[in-house]
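**Student:** Below is the structure I would like to discuss, written out as structure tokens.
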Amino acid sequence: MQPSSLLPLALCLLAAPASALVRIPLHKFTSIRRTMSEVGGSVEDLIAKGPVSKYSQAVPAVTEGPIPEVLKNYMDAQYYGEIGIGTPPQCFTVVFDTGSSNLWVPSIHCKLLDIACWIHHKYNSDKSSTYVKNGTSFDIHYGSGSLSGYLSQDTVSVPCQSASSASALGGVKVERQVFGEATKQPGITFIAAKFDGILGMAYPRISVNNVLPVFDNLMQQKLVDQNIFSFYLSRDPDAQPGGELMLGGTDSKYYKGSLSYLNVTRKAYWQVHLDQVEVASGLTLCKEGCEAIVDTGTSLMVGPVDEVRELQKAIGAVPLIQGEYMIPCEKVSTLPAITLKLGGKGYKLSPEDYTLKVSQAGKTLCLSGFMGMDIPPPSGPLWILGDVFIGRYYTVFDRDNNRVGFAEAARL
């Protein structure tokens, strides 16, 4: 082939849309709950002073049945990554949350008394050449109050690649993304947060104001080869980064064996059928089968209050404060395994998997990784498989086939 004949081919390659496998490092931080506990604050006080529960607003009815509501809060979120908004990108740390569908960050126009806003990074539309005004007001309800602001449109870079933080990991730019500029964050909840905002990765059905979620926009713009994303969360508390979110594929170095998939039972949250929960000491919960949400924005395992109370008793955990249960650290190795059956397959959690070592008042405590919360019918009861489970089992979210995949996570 003559050199001149290579030119048209090269031009075609340059003009073709770029599909990418995007890696976003995840960093582990101390949750709001632990931060407040370590300084003597009470989560009950937080709840009284400012709402923390996730979406409680009504969602427009569709043909697939009722939407689960008030599933969780961000008190226990522990992993964040970095994105950019605007041109040039303004960098923000966000929780990549499969339990919600909206992107929001603090606005430079936040209220004077919004302390949480002033101690986090803020989006400034005047500094972006790709900003498009929208102005529609939005409210995300958190119990008795709401996070509010207005919608804007701009380019979202994943991960953030500003001139001062160029990344060798590759990335994508999602154009014409509508997001929330938060001008009011309720109560004092978000003051203790190590993250600036939230990037929701659930289905469009639960998106506030029917805003197209970032990953859906990314799919429409054909920025990845496969419409899937996967999470590896390191169980090593000192590991940096603390994990990785991959857009467009999976990485076999992060798991052992093969992936096993379950179909999504309701395309709102990433909801799957849970066959049952077995404690090796003989207790069986969710005996007739139940529904579960796979949620990267929650660090704990969450289940109905009465059933989780039985589980805590079976593993010898005693109530502490703020809904937490304590286990004597010297007894952790003797505790029974807990197995979740999903799709007919058992996913075992060892005592080391489902207990958490934390510091409080200068002492090391061991806490149960399970917490009780009732989701009322018709949406509930529901279990939430949070980072305790995802850290043990590499998790793939497949929008092409509407399914969730699990495989035993590798220890790196």
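Note: Cβ is positioned from N, Cα and C throughout, glycine not excepted.
Got these off Swiss-Prot a minute ago, pasting:
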type     : residues : note
ACT_SITE : Asp97    : active site
ACT_SITE : Asp295   : active site
DOMAIN   : 79-407   : domain 'Peptidase A1'
CARBOHYD : Thr63    : O-linked glycosylation site
CARBOHYD : Asn134   : N-linked glycosylation site
CARBOHYD : Asn263   : N-linked glycosylation site
SIGNAL   : 1-20     : signal peptide
**Student:** Fill in the CA-CA distance, Asn263 (N-linked glycosylation site) to Asn134 (N-linked glycosylation site), as an integer in Å.
**Tutor:** 36
**Student:** Averaged over the whole of the domain 'Peptidase A1' (79-407), what is the pLDDT?
**Tutor:** 91
**Student:** In angstrom units, rounded to an integer, how far apart are the Cα atoms of Asp295 (active site) and Asp97 (active site)?
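**Tutor:** Their Cα atoms are separated by 7 Å.
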**Student:** Minimum Cβ neighbour count within 10 Å among the glycosylation sites Asn134, Asn263: which residue?
**Tutor:** Asn263
**Student:** Determine the Cβ neighbour count for Asp295 (active site): the number of other Cβ atoms within 10 Å of its Cβ.
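**Tutor:** Other Cβ atoms within 10 Å of Asp295 (active site): 27.
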